[in-house]
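Data first, discussion second: the structure below is written as structure tokens.
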Amino acid sequence: MGWIRDRRSPSSMEIRELHNRDVINRGAFKSRQKRTQTLITSKCGENPSPFFLARSIAIAMGIRFIVMVMIYSGMIINLLFNQEAPSPLKESYCGPCPKNWICYRNSCYQFSNESKTWLQSQASCRSQNSSLLKIYSREDQDFFKLVKSYHWMGLVQIPTNRSWQWEDGSILSPNQITMVEMQNGSCAVYGSSFKGYTENCLTLNTYICMKRTV
């Protein structure tokens, strides 16, 4: 008859029991899977791979290098900006000079374009509280390379012994300049290469005035 239940069909109670059993099995599987993942992670943490170690060491060394570079850069910058300027040597000191005069070491120089006799040139320099050029030493050779023509300097020859004397009364030293006799004369012009040339004192020449700053 149609209303008689088929014994092979599962009852509702059996269906619920199967469903509960399936839920329990799924929960147990997920729990085992989670424990497995946790175990794998813990093992990886306990025994890291060589690649992981190498990468970690490389990163640490890179960070250390950057920090060291920043520290040394800061030290160098601080040293450069805070370094005291060296005090100038006395021999290189150059004080104030009059307008249109050239300052070199401890002296001021004026190169005149006027041509005068030796006495006229001397008077012109004295009117400016200076004297005709005097060579103190060959250490000034770089400066006197600028001299390209003949100029009167403060050097005259003493008739009695024919020695050369500067305006201030000091005797010419071989370490200052070398005298070259060109013609009869008791005055001298400066040429170049630390050489002085005898000249007639009445000859017209340009001249160089100088004054010490110290």
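Glycine residues also receive a Cβ, built from the backbone N, Cα and C atoms like all the rest.
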If you consult Swiss-Prot, the disulfide counterpart of Cys187 among Cys201, Cys209 turns out to be Cys201
Quick test of reading the record: Swiss-Prot lists a disulfide for Cys209. Which of Cys108, Cys125 is on the other end? Cys125
Partner cysteine of Cys97 (disulphide bond, per Swiss-Prot) from Cys94, Cys108: Cys108
Assigned conformation of Cys125 (disulfide bond) - DSSP reduced to three states: helix
Would you list, in sequence order, the recorded positions among Cys97, Cys103, Cys108, Cys125, Asn129, Cys209 whose CA lies within 10 Å of the CA of Cys187 (disulfide bond)? none
Let me know the DSSP-derived helix, strand or coil state of Cys187 (disulfide bond), please. strand
